[in-house]
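Undergrad: Mind having a look at this structure? Questions to follow.
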């Protein structure tokens with residue numbers, strides 16, 4: 001498995017077997033540390049050994065040959081009907097058919113994730129964010145792809161090993177110039193965010209003003225049409241009364 005330094009992607013071995021010695025949870029529960037490297041995303045290659053369906057999520061149990069298995073959480077798109085709380089194993093054909101018909105989404109951006117091929121026995125590369133559930137590390141799925149052959153798996157292992165040696169095993173430190181530059185960039189980003197929020201507020205105010213103006217215009221138009229209809233109704237009533245008087249007079 002890869003640990004991915006904050007916003008990077010990919011790093012070493014199974015999370016469960018290494019978290020006690022190498023990972024320390026930060027105040028942000030979605031960020032952990034390998035030594036002093038902040039880790040938010042991870043990537044691993046392993047074989048799916050089980051697939052468990054729940055109404056709101058699917059759990060893929062993945063064995064990455066580290067000695068422990070890891071649960072990968074795949075969220076389901078909201079559903080309208082109540083499917084109950086009982087988990088269903090994917091060993092039966094009809095259950096797997098139902099599981100494949102459900103739309104799954106990524107944990108962060110909610111884009112659609114195709115889980116049709118994610119069945120026990122398939123080797124996959126999983127990328128996602130870390131989470132803890134009852135003292136056990138899990139991965140919230142962001143992206144997944146089927147590993148086509150052994151060559152692809154070995155390329156991943158080579159990349160993982162190089163990333164561990166070249167990046168994660170080297171203490172992360174910043175010079176004063178880098179700290180100052182990052183602080184400047186953070187302040188600049190904050191200013192841009194405030195400006196964008198102000199632009200959004202101005203657009204919202206203009207939209208509200210346009211809607212109120214349109215509403216007043218529609219109200220005035222409706223009132224004018226109502227007055228016109230009232231005049232026409234009065235004219236029609238008077239004309240009808242006059243016609244009836246003339247008709248009665250002719251009969252007499």
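The backbone N, Cα and C atoms fix where each Cβ goes, glycine too.
Nobody curates TrEMBL annotations by hand; they come from automatic prediction.
Sharing the feature lines straight out of TrEMBL:
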DOMAIN    11-72  domain 'CST complex subunit Stn1 N-terminal'
REGION    185-216  region 'Disordered'
COMPBIAS  186-197  compositional bias 'Acidic residues'
COMPBIAS  198-216  compositional bias 'Basic and acidic residues'
Undergrad: Counting each residue once, how many in the compositional bias 'Basic and acidic residues' (198-216) are helix, strand and coil under DSSP?
TA: 19 helix, 0 strand, 0 coil
Undergrad: As a test of reading the model: what is the averaged pLDDT for the domain 'CST complex subunit Stn1 N-terminal' (11-72)?
TA: 72
